[in-house]
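Taken verbatim from Swiss-Prot:
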- Thr30, Leu31, Gly32, Pro33, Lys51, Asp87, Gly88, Thr89, Thr90, Thr91, Gly415, Asp496: ATP binding site (BINDING)
- 538-548: compositional bias 'Gly residues' (COMPBIAS)
- 527-548: region 'Disordered' (REGION)
Amino acid sequence: MATKLIKHGSKAREQMLEGIDILADAVKVTLGPKGRNVLIEQSFGSPKITKDGVTVAKSIELKDKIRNAGAQLLKSAATKAAEVAGDGTTTATVLARALAREGNKLVAAGYNPMDLKRGMDLAVNAVVEEIKKSSKKINSQEEIAQVGTISSNGDKEIGEKIAKAMEEVGKEGVITVEEAKNFSFDVEVVKGMMFDRGYLSPYFVTNSEKMVAELENPFILLFEKKLSNLQPMLPILEAVVQSQRPLLIIAEDVEGEALATLVVNRLRGGLKVAAVKAPGFGDRRKAMMEDIAILTKGELITEDLGMKLENVSIKSLGTAKRVTISKENTVIVDGNGDKKNIEDRVLQIKSQIAETTSDYDKEKLQERLAKLSGGVAVLKVGGATEVEVKERKDRVEDALAATRAAVEEGVVAGGGVTLLHASQPLTKLKVENKDQQAGIEIVIEALKDPLKQIVENAGENGGVVVGKLLEHKDKNYGFNAQDMQYVDMIKAGIIDPAKVVRTALQDAASVASLIITTETLIVDEPSSDKAEPMPMRGGMGGMGGMDF
């Protein structure tokens, strides 16, 4: 067991804050319409250029263990904001740094950290309520395009394409992003389906940066029962390995030995595979699996019809152009199903909707209908170079997530204005003691920082602009950093999704509270010895690299 380095009190917190400063300084330059790019060295290939806060944060690992602990805590605020709302990562980073730094100063001055935390929590909850009160629902294509434009750092084309994609498949529809083979940026609607089941093991992930499993041109095996032993599947698995194509297994469940064997073979490269649970429950699960079978031109392997896994041939497997699996969802794009069969299935579901008297059944049938007939909108992002395409694709993905958040919870005035004006009612909050009051004041000051940073990235004095805006009673009055003018932010179309602003603040406060209430830090002591790398083991011979 490695020896440990133990630090206590203000020394531990100060070193953690040094790590937080290093990460925050790298991330904050990306904030706002005039934020700068960050160039990140890759382990192979050309460097990555990005203006996405969470991408910058994820790339940072510090040599000093204690400073790194602080940096990793701050990174978790950005990552959580990205997971929940898809955007607001830089705002979360700026807020968390401000809250943690001011909180630590007060702890060092003798304030009670637990009361400071209570005061901060009271203030954050009050600001969240203010954000909810001031949010405005969006409906029009123009408003959707505005959110997409702002979230992609002012790229109008991205905003317009996202609005067009939502018009094609609906606001709740499935929209994916992929790289184009040319210079253009297009929206294409293809046959596809999304269901709410993710991968059964993170070891199936092929893209570790986004934590998704991406299968190109896969076979799809649909099995009605649980899979706990792969012995009956050996003939079909060997046929798939020979074809050199990936395999997606959709079953009631894949467990125990079967799951372990698939994972081992996936890691050793013998079999490109992923497994997910079938969507739905009971009879509805079977119906949805039949929908997938029709969409992908496969067969549902069901013992009711006397079918057995050992007798299944590759002809019984469905196929699709691409499958993307995240922790929570599976998207099947461009299944190779027969158009006539899909249309017949759609008509069958429509007639079931007309006949049913249960509101619940009707709702579930309509969900199936939407999945089968709605299709998937694909945003195809092109560019002159690989670096440009990847950078733009990142911005499109961020903008799409932010637009979905805006549709869900509405929008508020952007540019840091909502957080700034939400700080004003906090002075009226009633607390039990001066330490809790100090916690509220920490939040009031921190809420100015995102706007200050946006203004400073545009080359102006942030403190002067903040002072000028606080003199105004209009909560939508703000500073347009793009045109360097004071405007009504809502009328000017400078808006942020309420969910993004809310999540950024809550995640930042959570991380800052952890830091100011930390008294002892334990990390591994740095070691000069380098461990020998483990040799890679191959699969067993005679099975095409598979190991069963």
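In case you wondered, yes, glycine gets a Cβ from its N, Cα and C as well.
Overlay of Swiss-Prot feature records on the structure.
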{"residue": "Thr30", "record": "ATP binding site", "contacts (Cβ under 8 Å, 6+ apart)": "Arg36, Asn37, Val38, Thr50, Lys51, Asp52, Gly53, Val56, Thr90"}
{"residue": "Gly32", "record": "ATP binding site", "contacts (Cβ under 8 Å, 6+ apart)": "Gly415, Gln453, Ile454, Val455, Asn457, Ala458, Ala481"}
{"residue": "Gly88", "record": "ATP binding site", "contacts (Cβ under 8 Å, 6+ apart)": "Ala81, Ala82, Ala402, Asp496, Val500, Val501, Thr503, Ala504"}
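Gly415 (ATP binding site): 26 other CB atoms within 10 A of its CB, across all protein chains.
In the structure as shown, the Cβ atom of Lys51 (ATP binding site) sits within 10 Å of 21 other Cβ atoms. Considering only the residues assigned to ATP binding, Thr30, Leu31, Gly32, Pro33, Lys51, Asp87, Gly88, Thr89, Thr90, Thr91, Gly415, Asp496, the longest pairwise Cα distance works out to 17 Å. In the three-state DSSP scheme, Thr90 (ATP binding site) falls into the helix class.
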